[in-house]
Amino acid sequence: MAAVSVRAVGKLLFFFTFFSTVKAIDSPTDEEIFQYQQQRSSVENHIVSTSRHHHHRTADAPRLVMDTAILKVNTSLDYPVQIWAVSAECYKCNMTFMMEVDPSIPTDPFLVQTAFMTHISIVKDNHDGTNDSICRFDKLFGEHGEYQMHINPNGPSEENKFDCPVYADKDPVDSNIPILVAFCIYVGLFLVFLAVRQLYYTIGRSQYAWFIGYFPFRETDRLVNSDLGSPSPSSTGTEDRRQAGPDSTAQAAPQGLRRLRSLDTFRGLSLAVMVFVNYGGGGYWFFKHARWNGLTVADLVFPWFVFIMGTSIALSFRRLLKKGVSRLSLLWKVVQRTVILFLLGLFIINTKRGHNSWSTLRIPGVLQRLALTYFIVALLEVVGATAEDRNWSWKPQGYLSLYLLQTSRIAPVRDIVNYWHQWLVMVVMVTVHLVLTFWLQVPNCPPGYLGPGGLSDLAHYNCTGGATGYIDRTVFTDDHIYDHPTPITVYKTEVPFDPEGLLGTLTSALLCFLGLQAGKILLTYTQNGQRVGRWLGWAAATGAIGALLCDGRQNEGWIPLNKNLWSVSFVLVLSCFAFVLLSACYIIIDVKQWWTGAPFYQVGMNSILVYIGHELCADKLPFQWAASPTHSAQLATDLVGTTLWVLIAVWLHYKKFYLKI
């Protein structure tokens with residue numbers, strides 16, 4: 001087995017150091033990135049005028065970038081009017097003054113954002129504190145289109161005396177075509193792979209060993225435990241097999257010493273998508289994190305990784321306890337892994353791009369959140385291990401409650417009742433989270449504030465995140481948390497806010513614990529139908545509660561969906577998706593064996609290496625390069641970088657090399 005030694009870690013450090021010296025051609029500096037973000041923020045924050053004053057039209061039109069179009073305004077009125085606008089992305093934001101259109105002075109065309117609907121209002125200022133509405137409408141502009149709006153007094157009715165039609169001088173482009181092209185390319189490569197594999201099995205390896213030998217079709221039998229806990233072999237549920245009896249006709253789950261590939265595949269798929277969105281996701285808004293409330297593809301992957309970590313904890317800890325490892329030894333292993341993960345995030349990830357000043361070092365982070373979440377749930381599992389977990393002999397007279405549990409009507413839910421004390425601790429933690437969120441007194445902010453502040457709530461401009469942000473700013477201070485949070489570009493927030501802060505750790509522990517429950521189902525029940533049925537039941541329950549809390553809408557309900565806050569509704573809805581995806585992976589990969597899980601299971605078995613590697617090699621050739629500001633160019637570099645890390649994970653797997661903490 002490839003247990004990673006100090007020498008191996010040294011080789012990895014050399015590998016990453018080497019690539020850190022190979023900067024992409026013209027890759028941007030921190031200052032340039034900040035300037036670009038500021039420039040993009042003005043575009044993404046609704047409508048950006050090249051000037052908010054009168055100008056004579058110049059020959060140079062605004063430069064189009066991703067998710068922008070050009071709008072030119074003409075008027076037939078004999079008095080000036082004002083244009084106000086706001087993007088639908090900015091929830092509860094007031095309209096912003098953009099420009100004044102005077103019929104006697106030509107105006108320049110300006111840029112409009114195309115990712116979201118734009119609310120536009122045209123008014124006449126009466127210069128007495130009042131105004132008259134001319135037109136008010138919503139418009140979704142197309143990317144790289146060139147539009148004209150003509151304001152005229154020829155309205156369709158007495159109630160609507162004015163007309164403000166918008167028409168395209170130049171048709172927009174379909175920004176989703178690059179995604180379709182990329183999909184076709186990957187499907188084509190997959191079909192070529194299948195054809196070569198069929199050739200391998202049909203003709204035989206001997207005649208084409210010089211070529212076919214490079215394709216890893218054979219499975220390696222030497223698998224090691226993956227990072228953050230691993231699935232044990234399917235030798236689970238001993239007591240259930242005795243109860244089922246030799247004559248049971250129910251379909252049994254896969255047994256033997258074969259690893260549950262679906263768990264590694266789930267982890268690897270989540271990590272591959274995480275790499276893609278961290279590299280930029282092609283510049284598409286749905287591959288970026290939601291600015292505040294809501295869900296995008298980017299918001300799914302990290303929570304899924306947390307969920308599957310919990311499942312891995314259940315399986316790996318059961319295996320270690322049955323091997324005779326003491327709980328004290330296991331607790332020491334948990335502490336070691338927690339410290340290593342936290343320090344990797346603090347000193348390796350958080351010090352990238354020259355952020356190596358002690359005075360401004362960010363303390364929270366992704367790996368730090370994983371470390372604390374892992375510690376909480378792993379500690380619960382070590383302390384709360386039952387006699388069954390530790391493989392003690394089962395004696396009904398010595399364990400009366402266990403005997404009654406296994407032989408009563410409660411048996412169908414014994415995966416919950418057996419661990420009632422763990423559930424009690426988790427209920428207390430969620431209660432503490434809710435009490436702090438809704439009743440902690442935050443200076444100058446209303447109790448239970450969950451909004452982003454900024455433009456969405458001018459009266460509470462600096463209340464971003466409510467209690468969640470306040471706790472982090474109090475504990476870590478403003479200098480040691482994330483200073484460029486997701487709402488800053490849209491809501492123009494001014495206070496730092498960290499999406500991996502302290503209060504959200506309690507709910508991420510809930511998500512990990514629900515993943516632990518998925519693992520307990522694997523351990524307790526041996527029939528495929530029992531396992532999948534219970535997973536889907538949990539999906540229905542968590543999804544229903546989550547939908548009830550957020551009222552099934554993006555910005556409404558008692559507790560909206562919010563990854564920045566790791567709200568309870570967000571955790572429950574994401575666990576619903578995770579239970580469903582785990583069920584699908586388990587059926588397709590482990591039960592029906594329609595798919596081996598490749599190439600994602602190899603990524604899942606080297607998750608720490610891939611995550612740290614992709615972070616350190618960001619903006620380095622060949623993983624990323626300077627690309628033109630178009631979706632097609634950005635998508636190409638992001639997909640190539642992601643594919644390279646998948647290929648590296650596959651190669652390391654067949655070299656039997658795994659980075660294990």
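Numbering starts at 1 and runs along the chain as it is shown here.
Backbone N, Cα and C define each Cβ position, glycine as well.
Bear in mind that TrEMBL entries carry predicted annotations, made automatically and left uncurated.
Pulled from TrEMBL, these are the features on record:
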TRANSMEM  177-196  transmembrane segment
COMPBIAS  227-237  compositional bias 'Polar residues'
REGION    227-252  region 'Disordered'
TRANSMEM  268-287  transmembrane segment
DOMAIN    292-384  domain 'DUF5009'
TRANSMEM  299-318  transmembrane segment
TRANSMEM  330-349  transmembrane segment
TRANSMEM  369-387  transmembrane segment
TRANSMEM  423-442  transmembrane segment
TRANSMEM  502-523  transmembrane segment
TRANSMEM  535-554  transmembrane segment
TRANSMEM  566-589  transmembrane segment
TRANSMEM  594-613  transmembrane segment
TRANSMEM  633-654  transmembrane segment
Interface check, the transmembrane segment (594-613) with the transmembrane segment (268-287), three or more C-beta pairs under 8 A: yes
For the transmembrane segment (423-442), distant same-chain residues with Cβ under 8 A (at least six beyond the ends): 376, 380, 416, 448-450, 463, 466-468, 470-471, 503, 506-507, 509-510, 513, 565, 568
Within-chain partners of the transmembrane segment (369-387) [C-beta distance under 8 Å, separation at least 6 from its ends]: 228-229, 305-306, 309-310, 313-314, 317, 321, 327, 330-331, 334-335, 337-339, 341-342, 345, 394, 399, 402, 418-419, 421-422, 425-426, 429, 500, 504-505, 508-509, 511-513, 516
CB contact flag for the transmembrane segment (299-318) and the transmembrane segment (566-589), at least three pairs under 8 A: yes
Residue numbers, six or more beyond the limits of the transmembrane segment (535-554), whose CB comes under 8 Å of its CB atoms: 91, 293-294, 514, 517-518, 521, 560-561, 567-573, 575-577, 579-580, 582-583, 586
Rounded mean pLDDT for the residues that make up the domain 'DUF5009' (292-384): 92
Summary of DSSP states over the domain 'DUF5009' (292-384), given as helix, strand and coil counts: 69 helix, 1 strand, 23 coil
